[in-house]
Amino acid sequence: MSGAALGLEIVFVFFLALFLLHRYGDFKKQHRLVIIATLLAWYLCFLIVFILPLDVSTTIYNRCKLAVNSSPAESNSSFVTLAPSKQQCFKPWSYIPNGIMPIFWRVVYWTSQFLTWILLPFMQSYARSGGFSITGKIKTALIENAIYYGTYLLIFGAFLIYVAVNPKFNLQWNQLQTIGIAAANTWGLFLLVLLLGYGLVEIPRSHWNGAKRGYLLMKTYFKAAKLMTEKADAEENLEDIMEEVRKVSESIKYNHPLRKCVDTILKKCPTEYQERMGRNMDDYEDFDERQNSYPSEKSLVKLHKQVIYSVQRHRRTQVQWQILLEQAFYLEDVAKNETSATRQFVHTFQSQEPENKIIQYFYTPTVEWYWECLLRPWFYRVLAVVLAAFSVIVVWSECTFFSTRPVLSLVAVFIQLAEKTYNYIYIEMACFLTIFFLSICVYSTVFRIRVFNYYYLASHHQTDAYSLLFSGMLFCRLTPPLCLNFLGLTHMDATISHTDAQPTAYTSIMGSMKVLSFIADGFYIYYPMLVVILCIATYFSLGTRCLNLLGFQQFMGDSEMTSDLIDEGKELIRREKGRRQRQEEGENRRREWKERYGNREDSTRNRVVHTEQKESSFSETNTNRPLSKYTRTNGRTERDRIELLQDAEPLDFNADSINDDPLESDSGRYQPGGRYLSMSRSRIFEDV
C-alpha cells in the first residue's frame, strides 16, 4: 500500500473538482483556458485538504521511529510521552515513502500561488475585457493589473525593508522565500477568520431551519419576490443595451472599417434580437465619411463589455427563476401532503426531467412521503446538533491552541490520544473530518458571497468566466492558511508546540516563521481569537440587520418589509402555478384529441389512398374513354371532405393551446382561412 492511497486520492479529487466545475460552469460555451485554469485551481486546493491527513499520519510514524532510536533522555523531551524503546512502531496503511511528500507539496503550493497571484488575475481582466482582438484584451488586462501587482510589491517591499533594517537577520534566499509566504498567509488568514466566523454559526443554523417547513416556504417566497425584481431589472437592462446595439448597427454600414466589430457584438446578442436587427438593417446604403456621428472603437469596446455582462445576467436570472419555481412548488406539495391520509406523496406537476428507473422503483410515493413528511425534519435536526458540536469544538480550539502545557485544544487532545496507541485510521479520520468541516465553513461562505451581482457562483452551468476565475483565485489564497491553522489546532506545527519534533512535510516547505517574530508569535496566535466575536455577531444576525438598514432587503421574521415581500412572492408563485396548470390542461386536451380522433383520420386516409389507386388503374386501362376528369373531380371532392374533417373544431377546442404548439404550426399542412384566422384567442388577458 506504499503510495497507493496517495494515488487513489489524487484521482478521486480530480473527478470531484471536475464534477463541481461542471455543475457551476458551462464546458460548451466558456473558453477552454478558463475551464482549465479554474479546474487546476480547484483541484490543487482540494488536493491539499485531502492529502494533509496522510502527511500527518506519516509524520507521526517518522516521529515514533526517531523516538525509538534516540536515547531515553531525548525521548522524554519529545512532543509526546512515548512507551519504552522496546515498543515497535507500526507503519500506517497509507504510509508515503520519504522524499515524496516534500516534492509533492512544493509543486502543489507554488503552482497554486502562481495561479492566484499572477495568472488568474490576468485571465480575469482578459475575460472581462470587451476588446475585439487578442492584443487589445492583453493591453486592457495589463493596465487593470498594474495597480493590483503594485499593491503586492508595496507590501512585500515593506516586509523586506523591515528585515533589512533589523540587524538580527542576514538576508538569504530561504528567508526571502519565507517572507513572501508569510505575507501571502497573513492576507489569507485575515480573510479566513472572517469567513470562518460566519460559517461556524450559519451552517448549523441553516440545517436547523431546514427542518421547519413553514420557514423554508416563507423564505422561498421572499427569494421569489427579490429574484423577480432582479429578473425585471436584467430584462430592462438588456433591452436598453440592445437598443444601443441596434442604433450602432444601423449607423455603421457593411463597408465601414468598424463593421467587423459590430458583427462581433451582434454574435453575442440573443437570437431573437439578432433576427430583429437583421430585418431592420439596410446593407445597400453606403456610409458617408463626412458624417461625424459614427461611434469610436473605444465606445464599441465598452458596448461589447456591457453586452457580454447583460446577456449573461439575463440568462442566469431566467434559469434561477425556473429553479426557484420548482423549489416553491415542491415545498407547497410537502405542506399539502403532510395532512394526507393515504400517506402517499402526490406531486402537483410531474418532473420535466426523466427519472432513473432504479430510483423510481425504490423511491416510491409511500417512501417519499415518509422521508419528506416524517424523517427528513428529524434528520436535519440531528445533523444541526452534530454540526453545532463541531462548531463549539473549533471555536474553543481556536481560542486555546496556543496553550501547550496543559493542552487545552480539543482537536490536539484527540490527536495525541490516538498517537499514543498508533491508531492511524482514527488519526486520519479525525484530521480529515476537522479540516473538511473547516473547509465547508469557509468554502460554503465563498459560494454564497454576492458582490453587487458582479461576482456570483450560480449552479446549473450559469456562472460566468469572471466569477469562476475569482473563485479559483480565492480558493488558492484561503487553502494554505487554512491548513496551517489546522496544524496549529493539532499542535503539529513546531511554531505552536515550541518543540524540536519533526515537522510535517507541508510545514517544512513554509519555512521557519521565526524570521518575522511579530507574525509568528503575535498575529498567527491572537488573531484567530477574533472568531468568537464574529460568531456572536452572526448568531444575533448583526450583519443582516445592518444590510437591512442600508436598504439591502434581508430575510428577517420581525420586519414589515420582509412580510410584504413574502406576500408578493406568494402571489407571484400562485400566478406561475396557474399558468403552468393551464398549459398542462391544454396539452392534456390535445393528447386526448389525438388519441380519440387520430385513428379515425388514419383509416380515412388509407381508404382514400386505396380508392385513388383503383381509380388510377381503371383510367390507365381505359385511356380511350374520357372518364379521367370525373375521376379527378371525385378525388378532389373526397380530399376536400377529408380536409374539412381534419380542420373541424372539437368540443373542447382551445385556440390558444393549438396555436402555441410548434409541431402544429410548423407541420406545413393546409390551414383554412376566413373567420377561423380572425377569431381572437381566448384567455389572452388572464395572466395580466
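Cβ atoms are placed via backbone N, Cα and C, with glycine included.
If you look up Swiss-Prot, you'll see 4-21 (among others) marked as transmembrane segment, on the strength of sequence analysis.
Residues 6, 9-10, 12-14, 16-18, 20-21, 25, 27, 104, 108-109, 111-112, 115-116, 119-120, 123, 127, 427-429, 431-432, 435-436, 439, 465, 468-469, 471-473, 475-476, 478-480, 483, 486, 504, 506 of the same chain sit 6 or more residues outside the transmembrane segment (33-53) yet have a Cβ under 8 Å from a Cβ within it. Residues annotated as transmembrane segment in Swiss-Prot: 33-53 (among others).
Residues or ranges marked as topological domain 'Extracellular' in Swiss-Prot (evidence: sequence analysis): 54-99 (among others).
Annotation comment: Swiss-Prot describes ASN76 as N-linked glycosylation site.
Packing against the transmembrane segment (100-120) from elsewhere in the chain are residues 3, 6, 37, 40-41, 44-45, 47-48, 51, 55, 58, 152, 184, 469-470, 472-474, 476-477, 479-480, 505-506, 508-509: each is 6 or more residues past its ends and has a CB under 8 Å from a CB in it. Annotated transmembrane segment per Swiss-Prot: 100-120 (among others), in sequence order.
According to Swiss-Prot, the feature transmembrane segment maps to 145-165 (among others), an assignment based on sequence analysis.
In the predicted model, the topological domain 'Extracellular' (166-180) shows an average pLDDT of 70. Annotated topological domain 'Extracellular' per Swiss-Prot: 166-180 (among others), in sequence order, evidence recorded as sequence analysis.
For 181-201 (among others), the entry in Swiss-Prot reads transmembrane segment.
Residues of the same chain lying 6 or more positions beyond the ends of the coiled coil (222-254) and with a Cβ under 8 Å from any Cβ of it are 262, 265-266, 269-270, 273, 276-277, 280-281, 283, 285-287, 293-295, 300, 303, 306-307, 310-311, 313-314, 317-318, 320-321, 324-325, 328, 453, 553, 555, 562, 565-566, 568-569, 572-573. Here Swiss-Prot flags 222-254 as coiled coil.
The transmembrane segment annotation in Swiss-Prot covers 382-402 (among others) and rests on sequence analysis. Residues of the same chain lying 6 or more positions beyond the ends of the transmembrane segment (382-402) and with a Cβ under 8 Å from any Cβ of it are 196, 200-201, 203-205, 207-208, 210-211, 408-412, 434, 437-438, 441, 485, 488-489, 491, 496, 525-526, 528-529, 531-532, 535.
According to Swiss-Prot, the feature topological domain 'Extracellular' maps to 403-426 (among others), an assignment based on sequence analysis. DSSP assignment over the topological domain 'Extracellular' (403-426) gives 14 helix, 0 strand, 10 coil.
The transmembrane segment annotation in Swiss-Prot covers 427-447 (among others) and rests on sequence analysis.
If one looks beyond the transmembrane segment (468-488) by at least 6 residues along the same chain, the residues whose Cβ comes under 8 Å of a Cβ in the stretch are 21, 24-25, 30, 34, 37-38, 40-42, 44-45, 48-49, 52, 109, 112-113, 115-116, 120-121, 123-124, 127, 184-185, 187-189, 191-192, 195, 398, 401, 431, 434-435, 438-439, 442-443, 446-447, 455, 457, 495-496, 504, 506-507, 510, 524, 528. Here Swiss-Prot flags 468-488 (among others) as transmembrane segment.
Positions annotated as topological domain 'Extracellular' by Swiss-Prot: 489-515 (among others).
Under the heading transmembrane segment, Swiss-Prot lists 516-536 (among others), citing sequence analysis as support.
The feature region 'Disordered' is assigned by Swiss-Prot to 600-673.
Just going by CB pairs under 8 A, the stretch in 4-21, 145-165, 181-201 that sits most against the transmembrane segment (427-447) is 181-201.
Remote same-chain residues near the topological domain 'Extracellular' (403-426) are listed as 56-57, 60-61, 64, 80-82, 89-90, 92-94, 393-394, 396-397, 434, 489-492, 496-498 (criterion: CB distance under 8 Å, separation of at least six residues from the stretch ends).
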